[in-house]
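Novice: Before I ask anything, here is the structure I am working with.
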C-alpha cells in the first residue's frame, strides 16, 4: 500500500497541476485582479493604489520567468496552495496526527471553495493563504519548542503577510492575544523569541510604512473612498450574518470528504472506536482558537460599524478547518475510510474543475454579457500600440484611461507602457507627471462616447477621439464587438499639474 506521505504528494501534485493547466489552456484572457496586478508590477513600487506590493511583485517576476506571458499567475496560485498543504501536513505532524489523518485533512481542505474556483484569479486573498498557514505553523512550533529559528520564521512570514494584504494584521493580533490569554502560551513571553519576531517583522515592513507616509496613506484613503457606510440599523445585523452564511457556504464542500471518510456508521455513532487521535487538548484549543476567532472578530467589527466585508476575505481564515474536522471525525469513528474520503475529494475537485472549464467554453454560449476572461486584451494592446506608433513614430511609454483596457495595454503591449491610473498622479504616485509631459500619453476608453469619459473628461474637455476600433471578444458568442477609443496626447499637450 502506498504511504500516506506519497499519497498526499501525488494528490496535491495532481490537483495543483490540473488547476494550473485548465486556465492556462482554456482562458483566453486573465481575470480582473491578475491583469491589474500585472499592470502595477510593471512599476516596482513599495505599494500600490489598492494593496501592498507583494502580489504585483510576484506577477512581474512570473512575467519575466515565462517569457512575457500571463499564465504564470495561474501557477502562482497553485504554488500558494501547495505551500499551504505542506504547512498543514507539518502542523498535523507536530500535533501528533497520524499520516493518513493529515492526508484526510489536506484532501478536505482542498475542497473548500477558496481553494478551487477562485484559484485562477491570483490576488492578495489567495496570496494570504500560505502566509497564514505558515504563521500558524511557526507560532505553534515556537510555543512547543522555543527555538529561535521558529520565532524568526514567524516574524518573516508576518512581514510577508502584511506585504500581501493588511488583513494579515488580524491573525497577528489573534496570535498576540493567544500568547497573552493562556498560561502555557504566556511562558514564551519570558523568552526572546516573540520579541525578536516582532523586531524582524517591523524591520522588514518599515519601508512600506515609509511609503504609506510619503503617499498620504494611499491604500487606506482609497479603501475609505470605496467603502459603503451603513444605511440603517439592519446593516449592523444583516452584514455580519451574510458574511457568516457566505463562509458556511464556502466551507461546506470540506464536509463532503469528512462525512465520506466517517461513513454512515460513524454518522450514526455506531462504529467501533479505534485508536484515538493523539492531538492534545492544547492543540485542540489552538485549532479552535485560530479557526473561529478571526471570523468572530470580522463579524464583530461588521456588527459595530455596519460595513459589509467581502466574502473572499475569509479565504485564509479557515486554513486549519480540515485539521480541526479530522480531529473531531477521528474521535467519533476510529474506522474511518481514507479511500472513501479520497474518492469524495476527487469528485468535488472534478465538479469544480468542470465549472471552471465551463466558464471558458460554455458561458459565451449562454451569457448575454461579455465576461472578463473573454476580453480581447491582447488585441486591445496591439491596436493601442499600433495607433500610437503610427501617429508619433515612437514607442508607447504611458497609457491612461479606464483601468481595465489600459491595464491590458501595459500587460500585452511589446512596449510595456506604464499605467497612469485614471491620469491622476495622486493615485499613481510612482508615475512622474513631468516625464509624462515629456513623452506624451495614450488615453483610451471604451464605449460609444467620442470624447474621454470619467476623470479624463475634465482633463481633456470636448476633445474628440483620434481614432477607434471595433474588436471582437475572444469567444464564439453573439456579443457586440468592443469599441476601443483613443486620444493621442503628444508631449506638451498633457493636462494636469
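Every residue, even glycine, has its Cβ placed from backbone N, Cα and C.
Just so you know, TrEMBL annotations never went through curation; they're auto-generated.
What TrEMBL records for 50-211 is domain 'Glycosyltransferase RgtA/B/C/D-like'. According to TrEMBL, the transmembrane segment annotation covers 72-91, 103-120, 151-180, 192-212, 244-265, 286-306, 312-329, 341-362.
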Novice: Examine the transmembrane segment (312-329) against the transmembrane segment (103-120) and state whether at least 3 Cβ pairs sit under 8 A, considering only residue pairs 6 or more apart.
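Specialist: Contact between the transmembrane segment (103-120) and the transmembrane segment (312-329): present, because at least 3 Cβ pairs are under 8 Å.
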Novice: Would you kindly list the residues that approach the transmembrane segment (103-120) from elsewhere in its chain, counting only those six or more residues past its ends and only Cβ-Cβ distances under 8 Å?
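Specialist: Counting only partners 6 or more residues beyond its ends, the transmembrane segment (103-120) has Cβ contacts under 8 Å with 4, 7-8, 11-12, 15, 19, 22-23, 27, 30-31, 34, 73-74, 77-78, 81, 84-85, 88-89, 92, 97, 126, 129, 249-251, 253-258, 261, 312, 314-316, 318-319, 321-323, 325-326, 329, 336, 338, 341-342, 345, 348-349, 352-353, 355-356, 373.
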Novice: Are the transmembrane segment (151-180) and the transmembrane segment (341-362) close enough to be called in contact, which here means at least 3 C-beta pairs under 8 A that are separated by 6 or more residues?
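Specialist: These two segments do not touch.
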Novice: State the non-local partners of the transmembrane segment (286-306) in its own chain: residues 6+ outside its ends, Cβ under 8 Å from one of its Cβ atoms.
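Specialist: Same-chain contacts beyond the flanks: 95, 136, 140, 170-171, 173-174, 177-178, 229-231, 235-237, 239-240, 243-244, 247, 279, 313-314, 317-318, 320-321, 323-324, 327.
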Novice: Are there residues at least six beyond either end of the transmembrane segment (244-265) with Cβ under 8 Å to its Cβ atoms? List them, or say none.
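Specialist: The answer is 104, 107-109, 111-114, 116, 271, 295, 299, 311, 314, 317-318, 321-322, 325-326, 329, 332-333, 335-338, 340-345, 347-348.
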